[in-house]
Amino acid sequence: SSNAQQGSEVVFGGYDANHFTGQISWIPLTSATYWQIKMDSVTINGQTVACSGGCQAIIDTGTSLIAGPSSDISNMNSWVGASTNQYGEATVNCQNIQSMPDVTFTLDGKAFTIPASAYVSQSKGRI
């Protein structure tokens, strides 16, 4: 629980439709070892910025990072206006989130578009 709310829920082997809207898209695994799938492309403003021609990807809900080949990640960072800090992490000015582009991940022919508010992890600084 967070934000002073009480209670939590975990569901194994299924899902609770009360916690989302829309449809679930089932993407076939290319390897069950790491929840690996085929990704068709990553686009920003209609331009392919990563995974040109398709690539393999791992869906990891336990991380908040987008990782990949350095050239693809550098290109994505450039498109969204990110720079790399001294720790090797891509950073953006949080005041720019509203003007940053959506990123579209195409998986199994289905486009999943996310706004900057979903791909930027906001923090107040590093200690």
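Just so you know, glycine gets a Cβ as well, placed from its N, Cα and C.
Unlike curated entries, TrEMBL annotations are predicted automatically.
The structure displayed is predicted, hence computed values, not measured ones.
Annotated in TrEMBL:
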DOMAIN    1-127  domain 'Peptidase A1'
DISULFID  Cys51-Cys55  disulfide bond
**Message:** Using CB atoms and a 10 A radius, I'd like the single residue among the disulfide-bonded residues Cys51, Cys55 with the highest neighbour count.
**Reply:** Cys51
**Request:** Using DSSP, tally how many residues of the domain 'Peptidase A1' (1-127) sit in helix, strand and coil.
**Result:** 24 helix, 32 strand, 71 coil
**Request:** For the domain 'Peptidase A1' (1-127), provide the mean pLDDT of the predicted model.
**Result:** 88
